[in-house]
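> Per Swiss-Prot, the feature region 'Disordered' maps to 107-154, 182-205. Among the features that Swiss-Prot reports, compositional bias 'Polar residues' is placed at 115-124. The annotation compositional bias 'Basic and acidic residues' is assigned in Swiss-Prot to 131-140. Here Swiss-Prot flags 207-266 as region 'Leucine repeat I (LRI)'. Look at Swiss-Prot and you will find 285-350 tagged as region 'VHIID'. According to Swiss-Prot, the feature motif 'VHIID' maps to 316-320, an assignment based on sequence analysis. The feature region 'Leucine repeat II (LRII)' is assigned by Swiss-Prot to 366-398. According to Swiss-Prot, the region 'PFYRE' annotation covers 407-501, on the basis of sequence analysis. Per Swiss-Prot, region 'SAW' is recorded for 504-579, and the stated evidence type is sequence analysis.
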Amino acid sequence: MDAILPVPVDGFRFDTGSGSCCKPRNNLESGTTNRFTCFNESESQSNPSPTESKVCSDYLPVFKYINDMLMEEDLEGQSCMLEDSLALQAAERSFFEVLQDQTPISGDLEDGSLGNFSSITSLHQPEVSEESTRRYRHRDDDEDDDLESGRKSKLPAISTVDELAEKFEEVLLVCQKNDQGEATEKKTRHVKGSSNRYKQQKSDQPVDMRNLLMQCAQAVASFDQRRAFEKLKEIREHSSRHGDATQRLGYHFAEALEARITGTMTTPISATSSRTSMVDILKAYKGFVQACPTLIMCYFTANRTINELASKATTLHIIDFGILYGFQWPCLIQALSKRDIGPPLLRVTGIELPQSGFRPSERVEETGRRLKRFCDKFNVPFEYSFIAKNWENITLDDLVINSGETTVVNCILRLQYTPDETVSLNSPRDTALKLFRDINPDLFVFAEINGTYNSPFFLTRFREALFHCSSLFDMYETTLSEDDNCRTLVERELIIRDAMSVIACEGSERFARPETYKQWQVRILRAGFRPAKLSKQIVKDGKEIVKERYHKDFVIDNDNHWMFQGWKGRVLYAVSCWKPAKK
C-alpha cells in the first residue's frame with residue numbers, strides 16, 4: 001500500500017536555525033508542508049452517540065496520521081523498524097560473545113535446556129534437516145505460496161485513485177461503525193467455516209493440544225529426540241497455520257520446538273517475519289486497534305495523563321523510549337491544539353534502537369518528519385530530536401533538557417526487549433530505568449505485557465508461554481475479522497515472534513524477556529520512583545470505551561496506580577504512572 005499513489009511530499013525542508021531542542025546535526029525546524037485531506041469530519045460524525053464520539057476522537061488523529069504515511073512513495077521497500085533493531089541487537093551480542101569466548105550465564109541453562117543440544121545430536125543432523133523438514137513442512141508450502149502470492153497480487157489491484165480513496169475511507173471511517181452485532185455474526189460464521197474446513201483435512205479425533213505440547217517440551221528438555229519428534233508428528237496432524245486458535249497454537253509452538261531441537265533458530269526475527277514491510281504493519285495496526293483495545297488503552301491512559309499534567313505548561317518535552325512510528329502522539333497533538341490558552345511548544349525526543357546499515361537513525365528521523373507535518377496541521381509548535389542507540393549506552397549528556405519545561409518519560413511495551421541481569425551482570429534493564437530517574441521527569445509513563453515466561457528454566461518458561469499465548473490466540477480468533485491475512489499478520493507480529501524467541505533461544509539470542517507487573521514495580525521503585533495514582537475519570541472513561549466498543553470478554557480494572565487489561569480474567573497488560581521519589 002505504500003505504492004498505492006506515488007505522490008511525493010513537497011515543501012518540507014530542514015533547517016539549523018535557533019530554537020531547536022537538540023544538537024545541530026539532527027535538528028528539525030519548522031517548514032511548510034502540503035496538507036492532504038481525504039476525510040470530512042463533519043460529514044462522517046453526524047449525530048454520533050456520546051460514547052461513539054469519544055471513541056472517534058481517540059481514533060481519528062491516528063488514522064489521519066496513517067493516511068499521511070500511506071502517501072509516502074518509498075514505503076514499500078521498508079521493513080518493520082522494531083524487527084530490524086532487535087535482529088541487529090541480537091547479532092551484535094552473539095558476535096561479542098564469540099569474540100570474548102563467552103558462554104551464556106549458567107542460570108539461563110538447566111538440565112532440561114538445549115543450549116548444547118545441537119552438538120549432542122550432530123550425528124543425527126542429516127536425518128533431521130532432510131527427512132524431518134520434508135515430512136513436516138512440505139504440507140504448508142502451498143499455503144505459504146498462496147499467502148505470499150495473494151499479498152503481492154493485491155498491491156497492484158489498488159493502484160488507482162478511486163480505489164485508494166475507498167481504502168482511505170475504510171481506514172478513516174472505521175470508528176464510525178457501530179455494528180457489533182453484525183461483526184459478531186461475521187466472526188461466528190468465519191470461525192465455524194474455518195473449523196469445518198480444517199476438520200476435513202485433520203483428524204476428527206479431539207486432542208488436548210496443550211498436553212501434547214507439554215509432553216513434547218518435556219521430551220525436548222530430557223534430550224529424548226525420538227520421543228520429541230513422535231510428539232511433533234502427532235501435533236502437526238492436528239494443527240495448521242490457518243486453522244482455529246488451538247490449531248494455530250499447536251502449529252507455531254511445534255515450529256519453535258523443532259527449531260530448538262535442530263538448533264536452526266539463532267535469529268528468530270528473520271525466521272518469523274521475513275522482514276515485514278511497513279505497508280503490512282499499517283494494515284495489521286489498523287485491524288488490531290479496531291478489534292482489540294489493548295494498545296489503544298495504553299495510549300489513551302498515557303495521553304490523557306500527560307495532557308492533564310501539561311494543562312498549563314508552556315513547553316512540554318516528551319522523551320519517548322521506543323517511539324517507533326509515533327502512532328501514540330497524533331491524539332495528544334490534537335488535544336494540545338484545543339487548549340483554551342493555546343498549544344504549548346511540544347518537544348519530542350524520539351529514542352530507538354539503531355537500524356542495520358549505513359544510516360542507523362534513518363527510521364527515527366522519518367518519524368520526526370511525520371510528526372512535524374502532523375503538528376503543522378494543528379498549529380502546534382514542534383521541535384524534534386532523535387537518538388539511535390542501545391538504551392543502556394545512552395547517558396544524560398545525550399539529552400537536552402531545559403529548565404522550566406514539563407518533562408515526561410514515556411516507555412510503552414518496549415522495556416521487555418531490554419536485556420536483564422541474566423544476560424549481563426550490569427543489567428541493561430536496570431541501567432535504562434536509572435537513566436529514566438536521572439532525567440528527573442515530572443512524570444514517567446510505563447506500560448508492559450504482564451508476562452510470567454521469563455524463567456531461566458526452559459520447561460517453566462514454556463509452560464507459562466503456552467498459557468499466555470493461548471489467551472492471545474483465543475482473543476484474536478474471537479475479535480479479528482475474517483480477513484485471514486490480517487489476522488495471520490497480527491499473530492505473527494504480536495505472538496509468534498516473541499514465542500519463537502522464548503522457546504527456541506537461550507542466552508543473548510532470547511530477546512523477549514517479559515516480567516509481571518509486580519516484578520516491574522520492584523524494579524521501578526528500586527530505580528528511585530514513587531507511584532502516581534491514576535485519575536479516576538481516566539479509568540472510568542477507559543472502561544466505558546471498552547464496554548461500548550469492544551468484545552464483552554475484554555476486562556479493564558485498576559488497583560491504585562495500575563490499570564490492568566485482560567481477556568477472560570487473565571491480565572495481559574498493565575499501565576502505570578510514576579514520579580521521582582525525590583524531585
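Note that Cβ sites are derived from N, Cα and C of the backbone, with glycine treated the same way.
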> With DSSP as the yardstick, break the region 'SAW' (504-579) down into helix, strand and coil residue counts.
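Taking the region 'SAW' (504-579) as a whole: 29 helix, 27 strand, 20 coil.
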> Near the motif 'VHIID' (316-320), which same-chain residues lie under 8 Å Cβ to Cβ, leaving out any that are not at least 6 residues past its ends?
21, 306, 310, 326, 328-329, 336, 344-351, 399, 401-402, 405-411, 439, 441
> Given pairs 6 or more apart, does the region 'Leucine repeat I (LRI)' (207-266) have at least three Cβ pairs under 8 Å with the region 'Leucine repeat II (LRII)' (366-398)?
no
> Looking only at the region 'SAW' (504-579), what is the model's average confidence as pLDDT?
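It averages 94.
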> Per DSSP, what is the residue tally for the region 'VHIID' (285-350) in helix, strand and coil?
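Helix/strand/coil tally for the region 'VHIID' (285-350): 32 helix, 13 strand, 21 coil.
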